[in-house]
Every structure is written in structure tokens, then in C-alpha cells.
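Below you'll find the structure, written out as C-alpha cells, and then a few comments.
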């Protein structure tokens, strides 16, 4: 060994005397006392400060360090801002206004969406920027101090946010995400280290765990802002939530300006008087609490000098030298645990709830409850921290979470098509989130802030957070594939994967995580320097001042030998086991990643081979043999549209409910008012969806598939072209309809024509479920021209009805239009006119108001219904009665719809409507592999859709 190496080794070595005491050797003591002329007084002051800090109660500490708490909380507002921004940007990916503006592709239903590649770019762009910002923060904050670093980060966030606010394409969004990640990396760690530096050990864990609460608060505020802007229906719907980020900055800047600089940083820079003033500014003298800023400063100086004698370095490489390597590894794995213990699933909870069988409303309600429990859990952790140690809460918290994850995985297996199990899964996820925020979530911050030496704290925290971010990148890659029905489709079974990882992390924490509760930084330095076993930290007494040296006395259970050497078994526990454990965990993680990648690539190659095979095995004349009108070669297999029964109008139906159809974005540029297929009216058998659409020039519905349902399109004004993969082409104009039976599968496009005045094409589209026995029928298409539709007029001439399908005023519609029996009647009622329309008994019925106000009456009660409202009728009764007041200013027009309820489950995923979850998976697989009804979709592209996608 070189002379320099020997000197360095002697600096950090320890001697054990016969009474079991371990002491820093004389060379280290000499180095510690070099250039210290007031060793005795400083040591005595440091001893008194240590005693005062360790005997101080929480109540006393809160009163004494009242201003320190306020300053720390003000600085931590930066994390609220970051939590808000991250939650908002993640939510934008499913936000209609954002997808409408930046959509790069269309989903199977024809709606714009952000491609997976761009989603990964946006989410991982933030992580990439954060990693760079974190790394830079380790140098900048040590150079300029915490306050000036915070100033710069806040100004950078203001500037870079302009890229998001004025974004014109996704390239600007990704660039803004990467650049915003730079200051966010600063916020992630500077707030933790500042809270740790400015407060004593008595209340330090409360201020560091408060940062976890800041993340949750930011997410809650983001959820509220997004919901509040959702109804705007334009670019302001996503620009306003982005602009809210600027609101936080002045308050955080003011708090940072008023806050004192970290006294620990000032001591490292030799600015002792400024450090003393910082301590004075952070405290409020109390009569019953002993506090002397000179003594507190002496303790900081003593700790700093001790660390200089032990290691001395303040660079990133020093984090991996000597005993600092152990401290760095523990901090990194502790923060990595947050990413790998299943918490990533909560970020996708709505998708998990939906894929497990819950409806949208139930999933959103559970998601909001999850955030609220996060607040409750973090606050609850403050009470647990008073009675339990960090190690206890972390290890046993992970054990509880592991059990919950296994239960979630099991429920994920049985919840498919089982609503009760799906609700049970959602409830367990809420309880999981509560316990996560009771234990692992907030306690992580307390552990990481105390694990490193004070001179290397900012760099150790930076390294630990970067490891967490790398784990988050891993989650961003695998979790969407785990949850996607078109990929791995694990849904709730994802709990098994994270449960296994959590079990490995429990093993690491049991052997490696020490207890740091109520320890000063100097005491922790001594414990780590003497390589005390993690499980013996809490049992070890430390005296850092005996004999002008650093001394540690281990209790009788710690084990010792007469010659001062640690027993062989203890040395093996301290050195061999952690190394083996780290290698084992690393190997398993690498294997999991490799297996996941292999599974994905295997599925990808199988898909490519399937298409390659079909390219050469599909007969060349398949497409040529298709007919222009599918109905020409298919016998009508539907049920009769007019049932064999006596119709009467003696018992008008009551109104079950009515509601406004709110306008929203759909397809590529279309605007729709959806009155069926929303939480207000879902799966109203046989009706799946009703859209009142307006398609402006340049918008439309390019190529998209359907299976298992029928669509009825009624054009009110304009002209719309239709084209499908069976060779059917046509144009419907004002008053025309098209009936399309998707059956086992169809891919088509619906694109508007350019009107002379540039007006939107307006119409109605109704989705109707098919009877289960007809879902595998061949697809069918039929036009119904306006001139083919019979009309009827009341005797007084005040009521006119287009009998599109069904029976009215004794006039029957054309037959063999839709397989599922549906009545579709278009009524126009003049002022003073009255409608008494019979309906088939037991059929579901509703009316949608296109113009004016219509009064619906039953049993002497009348209820006016206004434009764009949907009124739903009860099943009991044989008719509906409607009228328009004699003095009304204009006529009323409404579409009356009735249909035969189908006694079968409805399982819908976008344009695929079947009766079980397995059939949904089969439909998506068939569409992707061009089989079982979708053979003709291979390499097919509609001519009318090319103008939209190219």
C-alpha cells in the first residue's frame, strides 16, 4: 500500500480496548484537533448542545423552532408545485382537449390519442431532465448555497413552462418536459436536505415526511384544476392548468428569500458568524427550553470536523469510498423501494379499476378517495414516528404492503367479469395506499435525510433520488404493458409482480437498514465508522466526546473478542452478507427486466411472422370477390321490427330522468353531444351510444373497426362518405341514413364532404347491441334514402313524423333495416300540436330534443324538456305523450327511439361490443392479427380516409 493510502487508512481505523470500547486511533484524533485552538470549549459546548437536543420534547422543539418549521414548509411548496405539474402532465395524455390538439394517431374508435412512443417521450423526458438537474444540484447547491440554488430553479421553471403553455406540437411538449425536469430535480432533493439541516432530530422526521404530503397535495390540486377546466372544450382546457404553475412561484420565492441559509452549509464554507445568525433566525427563545446558538454552532462544527477527519471529501466519488459506500447504498435502495414496492400501480389506478371491471364513474371515485387517503396516511405517520423507529416502520410497512399486493394479484385473477371482486380489488388498493402513506411513502424521506454524513448529504440524496428516477423509468416502460389489454393484460395481477419485488426488498432492509431515530449526525457518523450491524444500531450507546476522541461502547449483545477483533461471524454478517445480498437482488432485477423484454419482443416477432404468413397465404382474389353491397349476399337474420301485439295509448310512460348532452371532442376534429354511453345513461340495452355530431371541414372518422354491434347514422344536414374493407362505398346526404351491422368484424371510414359554405355536417349516430347469437354474423351495410322514408301527419296538421323504423299513425317503416328491433321516429311538432305515440310493451325508450321545447305528460303531470336534452322513459306504460304550447315561439323537433332489451351482459372496449372479457381480448387479437372476420383489413386503407391521415 502507498504511503498516502496508509495515512488515509489510519485516519478512519478504530481501536477496541479490553472493555469493549471502540475508539478512533491517535492519528485520527490528532488530525481532528489540528488548527483547533479551542478544542476543550468547543467540545464542551457541543456536548451540552447534544444533551439539550436529545432531551427536548416534540412540543418544546415545535415552540423553539417555530420559524424553522415555517421556513421549511415554505421551501417545500416547491414539491407541491412539482407534484401538481407531474400529475397534470400525466393526466393530459388522457385529456380530450389535449389529445384533440396533439393527437398523433387514432384509436380503434376513431378518437385521436397520443402514441405510446410520444407518451414515453413525455414521461421519461421529465425523468431525464430530473436526473440531470439532480446531478447538477449536487454541485451548484454546494457552491452557491441552498437559497441561491432555489432562486435559480424557480426562475428556470418559470421560463421553461412557456414551452408547455405555447406548445404547437409534441416536440415542444417533450422539450419543455426535459427542461422543466432540470429545476424539478433541484426541488426533489433541496427541500429534503434543507428540512434536515434546519431542524433538530426531535422534529426532523416530521418536516422531511411532510414532503411526501406535499406530493399528494399537488396531485389533489391538479385533479381539481383539470376537472374545473374540462368543460372549456378548447385549448384553454389544457393551457390554464399549465399556467397555474406560475401562481406557485412568487410564494415559494418569498419563502426562500425570508428563510435563513443552511447553517451546515455555512459551517462547511467557514462562515461561522453567518451560521450562528442563521440558527438565531430559525429559533424563538423559550423560557423553559435551553438553547444557546453558540452551543448549537459548536455541535455543527464538531460534527463537520469529525467527518473531515474520517473522510474529508465532498465529491460524488467520496460517496462510494470507505464507510460512505454503505451509507450511499442504503439511501439509494431505500428510495428505490418507493418505485418498486407497487406504489407505481396507484398512478394507473383508474386503468386498473376499469380493466378489472368497474365502470368509469366508480373508478374515478375510487381514485379521488385514494388521493385523500394519501393525505390521511402521511399525517397519521407523524403519530407513528413518535412511538416507532424508522427501521420498524419501513420494514414492517413493506411486509404489510407485500401482503396487500399478493391479495390484489389474487383479486385481479377473479375480478374479471366479477363486479364484486372488482370493487374488492379497488378497496384493497385504497387500503394499500393508506398503509403506504402511513409507512414507506413518508418514512423514506426521513431515512434518506439522515443516512449520509452531513458533508455528503446533498450528493447522497441526489444519488438516491436518481436511482428512484431510474426505477420510475422502468415502471413507465413495463406498467403500461402490464395493464394494456392489447399487450400483457395483467390488470390487478400486476400485484404479483410487485409483491415479489417487495419480498426481495424486505430481505435487504432486514439486514441492511439501521435505526436512526433520535440520533445526532455525529452519533451516526461514529456508528457507521465502527461498522456496527444494522440490527444493533438501536442497542448501541455512543459517546462522541470521551477523551477528546470519538468513542463507541457496544452492549453485551453486540459481541466482542478479547483481542479487540470483531468475531468472525460478525465480520461475515457486516461484509459478506450485504455484498451477496446486493449481488443477488441485482441479478434478480436484471433477470426480471430481461424476461420482460424477451416476452415483449417475442410477442412482437410473432405478430410480424403472422402478418408475413398471411401476406403469402391469403388468396389473391379475396378482395376482388367482395361485393359493393354486403346485404346482397346475406339473408336478413334480424328480428321483426314491429312485434305482434295490440298497440294502445291508454297509459303514458313516466319520465325516469332527463339530462343535458354536453358537447365534447370526438374522432379527428368532430364535436359531439353524447346522450347515451356516458355515466348518466350507460348500457341502456339495446342502446350503447347516441351521438349528436357536427363534423367541420377537414375533420371526420378515418379507418376504424367494429365488432358485435350495429350503427345507425342519420344525417340532418350536409353529406358524409362511407367506405369499408368489403368494397362498399356510398354517400348519404341530408335526410339519408345508413345501417351498418358490424357482426364478426368490419373496418370502415366515415368522412364528411366539403360544403359550399364551409359549414359542419350534422347528424345522429346510434350504436345498438346485437343479440349474442348474431354477433358472429357476416357484416352488412344498407343505405336508406330520405325519399324512401314514409311520413305521417296528424289530422290537425300540427304533427309530422318520419317513420324511419317502426310504426306511427298507422304508417309502417321499411323492413329489414337493423337486426336488433329498433324504432326510430323523427317528430316535428308545431305550437299547439300533441303527440300520442304507442310503444311496444317492455321496450326501453328515450327521446332526444333537437329543437325547441317539448312538454312530456303523464297522469296529469307535465314536464318541459329543452333542446339537447335526453329524456328517458320508464318501462311501464304503453305510449308517450308530448306537446308544444299553443303560444310557443317555434316548433319542436325530437327523435323518439325505442328498442327491445337484450337479456345478455354487455362488455365493451371501444368499438368492440361482446358479452365477456375473453371475447374482448379475442376481438382485439383478431383485429391485430387480421383473422376471424378481420382478414380483409390486412393492408387495407380507405381512399376517403387517406386525406386525414397522410
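Glycine too: its Cβ is placed from the backbone N, Cα and C atoms.
Taking TrEMBL as the reference, the stretch among 421-448, 533-560, 617-644, 645-672 described by the feature transmembrane segment is residues 421-448.
Your range for transmembrane segment, going by TrEMBL and the list 173-195, 265-287, 288-310, is 173-195. Residue ranges 118-136, 137-155, 460-478 are listed, and TrEMBL annotates 460-478 among them as transmembrane segment. With pairs at least 6 apart in sequence, the transmembrane segment (368-385) and the transmembrane segment (207-226) have 3 or more Cβ pairs within the 8 Å limit; the two touch. Contact counts against the transmembrane segment (329-348), taken as Cβ pairs under 8 Å, peak for 490-513 among the stretches 368-385, 392-415, 490-513. In this chain, the transmembrane segment (490-513) lies apart from the transmembrane segment (173-195): fewer than three C-beta pairs between them fall below 8 angstroms, excluding pairs fewer than 6 positions apart. Through the fold, the transmembrane segment (238-259) approaches residues 71-72, 74-75, 77-78, 80-81, 84-85, 88, 92, 95, 97-98, 101, 147, 150-151, 154, 157-158, 161, 164-165, 194, 198, 222, 225-226, 229, 232 of its own chain, all at least 6 residues removed from its boundaries and within a Cβ separation under 8 Å. Counting same-chain residues at least six beyond the ends of the transmembrane segment (392-415), those with a Cβ under 8 angstroms from any Cβ of the stretch are 334, 337, 341-342, 345, 356-357, 381, 384-385, 421-422, 424-425, 428-429, 431-432, 435-436, 438-440, 443-444, 447, 490-499, 502-503, 505-506, 509-510, 513, 515.
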